[in-house]
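The Zn(2+) binding site annotation in TrEMBL covers C46, D48, H102, C105.
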Amino acid sequence: MSFTTDPVDTLLSRNKTWAERLSQQEPTLLPALAIGQKPEILWIGCSDSRVPETTLLDLKPGDVFVHRNVANVLHPSDLNSQCVILYAVKHLKVKHVILCGHIGCGGVNVALDNKKLGLIDTWILPIRLLRQKHLDALTNLTDTERATKLVELNVQQGVRTLKENATIIDAIRERGLQVHGMIYDVGTGNLHEVDCGESEEEARVRISIFETWVGPTKAEKDSG
């Protein structure tokens, strides 16, 4: 979108038009949202302007709780994303967590390059490590295929990181929270789910390592 007049004035005018139109089409929606929110989905996606979750999912305000960052990377030590996950899962009690990457992701493309970009290099380090881990498989692909494959690997890694989160482990066990990995194609507008499955043994080992709880540990109970 380009602005022929003052961009702030244009945005305020468009907002007014949108609010009036929404109030006419859904007269109860905004008053209900003023009372509180009950989203069923936590969306973790890329900051890219081409991937607006509410629009591409054809949903309304209040339907999705959102966290977005460069290349939809999840760092367990990132307080921002961890607080979002905690609030959405434990307090809003969302039913689904979706981690979504997208075709043509600039962060993934940077991870495939070796150009120095300062702080961004630190942020996308997990993607570079995925590139290193899967170097043989990626080397045999075309540039486009390589970028798409790394987008997929990044989504799968993000889902693994989510499933290693103690809050999510608890919610899966207690109320059947579902975690999904998806990829959005900016060229077609289509979304598809990524296979992020694990065997029963892999799930058992993961839970045995990452599940935490308040009170005595299993070892302490056994020794007592």
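Cβ coordinates are placed from backbone N, Cα and C, and glycine is handled just like the others.
Note that TrEMBL annotation is computational and uncurated.
It should be emphasised that the depicted structure is a prediction, and the values quoted were computed from it without experimental measurement.
It is C105 that, of the binding-site residues C46, C105, has its Cβ surrounded by the most other Cβ atoms within 10 Å. A sphere of 10 angstroms centred on the C-beta of D48 (Zn(2+) binding site) encloses 19 other C-beta atoms. Report note: the Zn(2+) site is defined by C46, D48, H102, C105, and the residues of the same chain whose CB lies within 8 Å of the CB centroid of those residues, excluding them, are G45, S47, R50, V51, A71, N72, G101, I103, G104, G106, G107, V108, V151, Y184, V186.
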